[in-house]
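So that you can see what the record holds, here are the features copied from TrEMBL:
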- H94: active site, proton acceptor (ACT_SITE)
- D95, V98, G100, D102, S104, E117: Ca(2+) 1 binding site (BINDING)
- P194: substrate binding site (BINDING)
- H224: heme b binding site (BINDING)
- T225, D274, T277, D282: Ca(2+) 2 binding site (BINDING)
- C63-C144: disulfide bond (DISULFID)
- C96-C101: disulfide bond (DISULFID)
- C150-C350: disulfide bond (DISULFID)
- C231-C259: disulfide bond (DISULFID)
- 53-354: domain 'Plant heme peroxidase family profile' (DOMAIN)
- 1-22: signal peptide (SIGNAL)
- R90: site 'Transition state stabilizer' (SITE)
Amino acid sequence: MARLAALTFLALLCSVTTCCHAAGYGYGYPSPGTGSGGGYPSPTPTPSPSGAGLAVGFYDHACPNAEAIVRGVVKNAVQQNPGVGAGLIRMLFHDCFVQGCDASVLLDPTAANAQPEKLSPPNNPSLRGFEVIDAAKAALEVACPSTVSCADIVAFAGRDASAVLSGGRVNFAMPAGRRDGLVSNANDALNFLPPPSFNLSELTASFAAKGLDVGDLVVLSGAHTVGRSHCSSFTRDGRLNASTSDMNPALAASLRQQCPASPTAANDPTVVQDVVTPVRLDNQYYKNVLNRNVIFTSDAALLKSGQTAAAVLLNAFVPGVWEQKFAAAMVKMASIEVKTGANGEVRTNCRAVN
């Protein structure tokens, strides 16, 4: 009976998806190997509205090769080390949730500001990909000096890393026109970035504060299908405690072999976040959630309400749905509290204000 109920529910989900797609829901799922642009499918249309002042093709006249330059740098880096791609996707999230999408996460410490965002515990030492942004910026400064903002480079890089890691299945147009911010504070990262120990209510509130809804929360959580995590990110809130955790016992046992009981700064190994497809951006994450093969409390929390559990099922079993939604959610996230026009600057060095 349970199996029949599950199959019936999935059939209903598929039916809903088909109807919605026929009515214009989603953003055109691309078939691998079609279209143009570096071997990836043609980008899916950009959802509307985007952040005020942003536009697709923003650099078409001022720096026509801007996106191609970033794409080339990112593709080379991610093909050499897929973990960098996961870092670039995460970097966009960590930038946009703090001070808006303004590249404040890139600023290095200075005598006047010894504790910028990148040194905050949510970012240090786990956030990576800074050297890829530096390389893209250096190439852009040669091609089009003082034209392309670091904030737009971060947004393009998150998009391009998604395309590489998904084999082109997640590929979309990213609006641009962001300006770089002048402020970066480590405390802001602590205040606005939701930790992996958050429950569903806390996660929902954190995303709502940035204009993102529960659907965005479920979809963006799917980025946990790539990358690695420090053991301290999940051991301290009892995820490996057999008496209290709902984690799959086999996964918990494996993680206990890889992680110290009490991680320290000197002994805090990393483990893959997706034990099935650790270097491929796909919908495996949602199957892992259903099988309780996820490491974070925030991942397990997606089964705590009917709404989020239904979304997990949809993303897990209906081909192409998650990829479409992820593209839309990335664009939506990349428009959070953007600075445009005279509200910011275009840095010549992404690590320092002009």
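A Cβ is built for glycine as well, from the same backbone N, Cα and C atoms used for every other residue.
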Exercise for the section: Return the member of C63, D102, S104, C144, H224 nearest to D274 (Ca(2+) 2 binding site) in space, with distance defined Cα to Cα and candidates limited to these recorded positions. Expected result: H224
Exercise for the section: Using the recorded Ca(2+) 1 site (D95, V98, G100, D102, S104, E117) as reference, state which further residues of the same chain have their Cβ within 8 Å of the centre of those residues' Cβ atoms, listed in sequence order. Expected result: H94, C96, F97, Q99, C101, A103, V105, G181, S184, D188
Practice task
Please determine which of the disulfide-bonded residues listed here (C63, C101) has the lowest count of neighbouring CB atoms within 10 Å.
Solution key: C63
Handout entry: Neighbour count (Cβ, 10 Å) for T225 (Ca(2+) 2 binding site)
Key = 27
Problem - C259 (disulfide bond), number of other Cβ atoms within 10 Å - result: 22
Completion exercise
the residue listed as 'active site, proton acceptor' and C101 (disulfide bond), compared by Cα position, are separated in whole Å by 9
Fill in the blank from the handout: Integer Å value for the Cα distance linking C259 (disulfide bond) with D95 (Ca(2+) 1 binding site) is 29
Practice task
Give me the Cα-Cα distance between D282 (Ca(2+) 2 binding site) and H224 (heme b binding site), rounded to a whole Å.
Solution key: 10
Problem - Surrounding CB atoms that lie within 10 Å of the CB of C350 (disulfide bond), all protein chains - result: 22
Exercise for the section: Go through S104, T277, our binding-site residues, and report the one whose Cβ sees the most other Cβ atoms within 10 Å. Expected result: S104
Problem - Additional residues surrounding Ca(2+) 2, by Cβ distance to the T225, D274, T277, D282 centre under 8 Å - result: V226, V276, P278, R280, L281, N283, Q284, Y285, N288
Exercise for the section: List the residues of the same chain that sit at least 6 positions away from the residue listed as 'substrate binding site' in sequence and have their Cβ under 8 Å from its Cβ, in sequence order, or write 'none'. Expected result: F97, E202, L203, S206, F207, S298
Problem - Top Cα neighbour of E117 (Ca(2+) 1 binding site) in the set of recorded positions H224, T225, C231, C350 - result: C350
Completion exercise
Counting other C-beta atoms within 10 angstroms, the emptiest spot among the recorded positions C96, V98, C144, C150, C231 is C144
